[in-house]
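Chemist: Handing you a structure now.
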Amino acid sequence: MQNLHIKRPLEPKQAFQYRGRFAPSPSGLLHFGSLIAALASFLDAKAFVNDHGEQGKWLIRIEDIDRPREQKGASTAILTTLEAFGLHWDETALYQSTQSQYYRDILSNLAQQKLSYYCQCTRSQIKAIGGIYQGHCRTANYKSQGNATRLVNQYGLHQFNDLFQDHVVCNKALANEDFIIHRKDGLFAYQLAVVADDIAQGITHVVRGCDLLEPTARQLTLFQTLNNSFLKCTTPRYGHIPLAITSEGYKLSKQNKAPAINNANPQPALIAALIFLGQKSIPDLVSASVEEIIQWAITHWQRDLVPKAFEINID
């Protein structure tokens, strides 16, 4: 097997250390929906204090492996915005574009243990049979050239306990698919990269939007596959917050041209994000500094106040 190039964190201390992360893609600037996710993950990390009196760590990962979708200058702009909003990260920001050899090593080990295979099925072919991949290529022994790589899905994990949404049950048929971990265009699939980097960064908690509930099931399966084969790891706890949507039912996203948040006047958006997250007992913070708002929010953060909903209309 290949030696894995894993950039692991420092040796664990005796007391548990919370390690959360925010992982934006540089396909555009941060919008209000992005701020909600970043703020929730930041507060959940910083409100945690272990037996040694240490706050949780909050890490940044720039998911820049899909180069065709990357907007020039967006990575730097994202970091600038986070700082303007008082969301200061720990350690060095990780760029997925630097992790290629690590991903290749994981793919190589999966192949050696016959836990993956090449597939030439197209999206239209899969859609024609109901939209769920049926493992058609699992025993075909295709070569890598021009084909995607799929994981041999031995577990099909489809339910989990969420930090905010309680018990979540995902689409069982979808969770049992042999899902793609390396695309036919040569790009590493999101599921592979995100799990690999959560392992490398020692992530213990993942807080993000409810649009990623279904992918969580696949990531749980990949964690278990790796842990039971060649890469011992601890699966993070997951928490999913509601999505911010418009009156037309559209999610605030870069694809839907959501407007960027204003670095020059962060306070109103910060307060609006706290209200969105259910942190209702907010004093008059309009005239407070960004640092004062953030410190207040850390001190008063309560997970159980986050709405148990998939989406919330903000109009």
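Backbone N, Cα and C atoms are what each Cβ position is placed from, and that goes for glycine too.
Since this is a predicted model, take the numbers as computed values, not measurements.
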Chemist: Please state which member of Arg150, Arg208 Swiss-Prot lists alongside Arg21, Phe22, Ala23, Pro24, Ser25, Glu63, Tyr190 for binding L-glutamate.
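Modeler: Candidate in the recorded L-glutamate site: Arg208.
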Chemist: Write down the single range among 11-15, 66-70, 251-255 that appears in Swiss-Prot as motif ''KMSKS' region'.
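Modeler: It is 251-255 that Swiss-Prot describes as motif ''KMSKS' region'.
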Chemist: How big is the gap, in Å, between the Cα of Ala23 (L-glutamate binding site) and that of Cys121 (Zn(2+) binding site), rounded to a whole number?
Modeler: 30
Chemist: By CA distance, which of the binding-site residues (Arg21, Glu63, Tyr190, Arg208) lies nearest to Cys121 (Zn(2+) binding site)?
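Modeler: It is Tyr190, whose Cα lies nearest.
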Chemist: Once the DSSP letters are reduced so that anything not helix or strand counts as coil, what is Tyr190 (L-glutamate binding site)?
Modeler: helix
Chemist: Taking the center of the Cβ atoms of Arg21, Phe22, Ala23, Pro24, Ser25, Glu63, Tyr190, Arg208 at the recorded L-glutamate site, which other residues in this chain have a Cβ no more than 8 Å from that point?
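Modeler: Apart from Arg21, Phe22, Ala23, Pro24, Ser25, Glu63, Tyr190, Arg208, the close residues are Arg61, Ile62, Val194.
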